[in-house]
Amino acid sequence: MSAERTLILVKPDGVSRGLVGEVVGRLERKGLTLVALELRTLERSVAETHYGEHASKPFFGELVDFIVSGPLVALVAEGPRAVEASRGLIGATDPVKAAPGSLRGDYALEIGQNLVHGSDSPESAKREIDLFFPGLS
């Protein structure tokens, strides 16, 4: 089976709580390989582009404000069915509905500060990787 890539963001709440190692460890134990990793604070324009699909929604401003509020870790993981595999590890967007054992189920409480982002499709992954790591693809 061919390798697929996905973008994972450990959001500012995950970084400030010291959970980067937990996220990376779970991805690696699942069998995914890290091909890029960077600690950075996002520029607002990058955040607005990343969350562009939500621009007309009432929570857009809060979402952007949060993601630029502190450093995050952006990483690219690779492996068979990487998008699907990482989404399973991450859990449902609403942490209260996320399964125990998932990152959000174990470590997050609020939908707005839900620890981690993962690409939701191979097409989104390509777009997001191009935004965060231009030249990697």
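Here, residue 1 is simply the first one shown, and the rest follow in order.
Each Cβ is built from the backbone N, Cα and C atoms, and glycine gets one as well.
Quick look at what Swiss-Prot lists:
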- His117: active site, pros-phosphohistidine intermediate (ACT_SITE)
- Lys11, Phe59, Arg87, Thr93, Arg104, Asn114: ATP binding site (BINDING)
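Here the features listed in Swiss-Prot are painted onto the structure.
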residue: Lys11; record: ATP binding site; CB count, 10 Å: 23
residue: Phe59; record: ATP binding site; CB count, 10 Å: 12
residue: Arg87; record: ATP binding site; CB count, 10 Å: 17
residue: Thr93; record: ATP binding site; CB count, 10 Å: 13
residue: Arg104; record: ATP binding site; CB count, 10 Å: 22
residue: Asn114; record: ATP binding site; CB count, 10 Å: 23
residue: His117; record: active site, pros-phosphohistidine intermediate; CB count, 10 Å: 20
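Cα of Thr93 (ATP binding site) to Cα of His117 (active site, pros-phosphohistidine intermediate): a span of 9 Å. For Lys11 (ATP binding site) paired with His117 (active site, pros-phosphohistidine intermediate), the C-alpha to C-alpha distance reads 7 Å.
Cα-Cα distance from Phe59 (ATP binding site) to His117 (active site, pros-phosphohistidine intermediate): 16 Å (rounded to the nearest whole number).
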